[in-house]
Amino acid sequence: MTTVQLQKTNQPPVKAPRGSYWITTFGCQMNKADSERMSGILEYMGYYPAEEELKADLVLYNTCTIRDSAEQKVYSYLGRQAIRKRSLPNLKIVVAGCLAQQEGESLLRRVPEIDLLMGPQHCNRLESLLNQVDSGQQVLATEEQFILEDITTPRRDSSFCGWVNIIYGCNERCTYCVVPSVRGKEQSRTPEAIKSEVEDLAKSGYKEITLLGQNIDAYGRDFQSQNKEASAQITLSYLLKYIHDIEGIERIRFATSHPRYFTKELIDTCSELPKVCEHFHIPFQSGSNKILKNMGRGYTIESYKNIINYIKSKIPKAAISGDAIVAFPGESETDYEQTLSLIDEIKFDHVNTAAYSPRPNTPAATWPRQLNEDIKVKRLREINSLVENIAKERNQRYKNTSQEILIENINPKDSFQLMGRTRTNRLTFFPRSLENGVENKLGELIKVKITDVRPFSLTAKLL
């Protein structure tokens with residue numbers, strides 16, 4: 001599980017300075033987008049980025065509970081801040097996100113030094129909740145509520161690629177997953193609000209946006225309770241068309257998709273819209289229909305293959321990535337081999353893999369036939385080896401080809417290189433300047449020629 005820290009900004013505070021802040025983000029892209037929003041609120045309130053975590057006047061941990069390892073890391077960080085608070089009583093400790101929602105009062109009892117504990121549905125209430133903290137209260141905010149439309153401009157972690165939440169929550173009931181219980185029911189933002197945010201990004205010079213949702217292709221389903229006619233019309237396909245022609249935006253991505261809602265209409269739309277990038281992340285989780293049924297995923301391997309085959313027929317150069325869980329309770333050797341076979345058959349460009357981790361208050365955590373750690377380690381090692389080999393094989397198709405790259409950053413391991421991604425989401429490294437000394441700038445779209453490939457990245461030269 002990675003930890004992502006937001007970078008500093010030079011924007012002045014909107015209100016009188018109140019002190020420095022530090023945000024550490026654990027987990028998924030949704031959390032990263034939430035952290036950007038909360039950072040924007042903090043800076044509106046008068047907070048400014050700290051030089052480092054241990055010098056901050058306010059620390060905020062935006063947490064993840066998808067696996068136990070992420071939880072344990074949060075507890076370690078909290079322990080360090082609790083010690084700080086003994087000598088710095090004015091230090092504010094904020095815990096947000098899925099772990100906060102899941103643990104609630106028990107987390108406050110475990111770490112009483114926490115000033116504010118809030119679930120992911122409360123990100124936009126951060127200012128009012130911190131005002132309660134300033135009045136001397138210890139605040140717990142985990143009750144379910146309607147998502148407030150965005151009230152403060154996020155402080156983006158990138159100046160070129162922007163996250164845009166379009167749907168919050170999840171209505172699925174996968175037997176291994178805590179997300180529905182911690183992120184609440186699906187709530188779609190209106191197309192008008194989304195378009196307005198994307199237009200603001202375009203005016204600020206952003207070239208690429210990634211639309212985000214726990215099940216992004218379920219966008220618009222919840223509108224049915226308000227207006228059945230509107231629900232039938234407002235889908236992810238509709239939204240992509242609605243925002244596609246915004247001037248300045250050159251690339252559109254979306255994640256994460258659920259196979260149940262990935263329709264032919266959506267694939268057709270993506271094939272017709274030139275700004276939609278040719279990369280689709282569609283988790284499959286297992287290659288065994290038995291395991292998929294036990295997981296409560298709501299589709300079969302056959303229906304999943306139909307989706308992938310249709311994508312390949314309509315968008316032949318598309319890159320496909322997915323997620324897989326190994327060692328789910330009751331997973332036999334045959335079930336596991338079916339997962340390996342599926343990966344080998346589809347030839348995924350990348351697969352995010354994980355060994356099953358029992359999560360509190362999920363059905364699968366209490367089932368018999370839990371697999372031991374030795375099996376988990378063995379299967380995870382084997383599947384990762386297969387994924388890496390196929391990824392390198394797939395990347396061979398890029399060698400000696402010209403690719404469009406959006407320059408995102410300087411290579412942190414080599415200051416003479418820049419880095420960016422192809423439209424198919426391949427991370428690519430290339431020199432900072434042409435032979436004549438002209439240097440490319442961050443945020444530019446350029447053409448490069450791929451000279452070397454590795455399993456998960458490419459090397460290129462400038463054209």
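Indices start at 1 and increase along the chain as displayed.
Positions of Cβ are set from backbone N, Cα and C atoms, glycine also.
Annotated domain 'MTTase N-terminal' per Swiss-Prot: 19-135, in sequence order, evidence recorded as sequence analysis.
Look at Swiss-Prot and you will find C28, C64, C98 tagged as [4Fe-4S] cluster 1 binding site. In this structure, C28 ([4Fe-4S] cluster 1 binding site) belongs to neither helix nor strand by DSSP; it is coil. All protein chains shown were included, and the count of other CB atoms within 10 Å of the CB of C28 ([4Fe-4S] cluster 1 binding site) stands at 19.
Among the features that Swiss-Prot reports, domain 'Radical SAM core' is placed at 156-393.
Among the features that Swiss-Prot reports, [4Fe-4S] cluster 2 binding site is placed at C170, C174, C177, with the record citing sequence analysis. C174 ([4Fe-4S] cluster 2 binding site): 20 other CB atoms within 10 A of its CB, across all protein chains.
Summarised as a single figure, the pLDDT of the domain 'TRAM' (396-463) averages 92. Residues or ranges marked as domain 'TRAM' by Swiss-Prot: 396-463.
When the Cα atoms are compared, C170 ([4Fe-4S] cluster 2 binding site) and C28 ([4Fe-4S] cluster 1 binding site) turn out to be 14 Å apart.
Note: C98 ([4Fe-4S] cluster 1 binding site) has non-local neighbours G27, N31, T63, C64, T65, I66, G119, P120, V178, V179, V182, R183, i.e. same-chain residues 6+ apart with C-beta under 8 A of its own C-beta. Other than the site residues C170, C174, C177, same-chain residues with C-beta atoms no more than 8 angstroms from the centre of those residues' C-beta atoms, the [4Fe-4S] cluster 2 site, are E172, R173, Y176, V178, V179, P180, Q214. Taking the C-alpha positions, the distance from C174 ([4Fe-4S] cluster 2 binding site) to C28 ([4Fe-4S] cluster 1 binding site) comes to 17 Å.
Between the CA atoms of C28 ([4Fe-4S] cluster 1 binding site) and C177 ([4Fe-4S] cluster 2 binding site) there is a gap of 14 Å, rounded to the nearest whole number.
The candidate set comprises the binding-site residues C64, C170, C177. Of these, C64 has the most other Cβ atoms within 10 Å. Following the DSSP three-state reduction, the secondary structure of C98 ([4Fe-4S] cluster 1 binding site) is helix. Sitting within 8 Å of the Cβ centre of C28, C64, C98, and not among those site residues for [4Fe-4S] cluster 1, are the Cβ atoms of F26, G27, M30, N31, T63, T65, I66, A70, G97, L99, V179.
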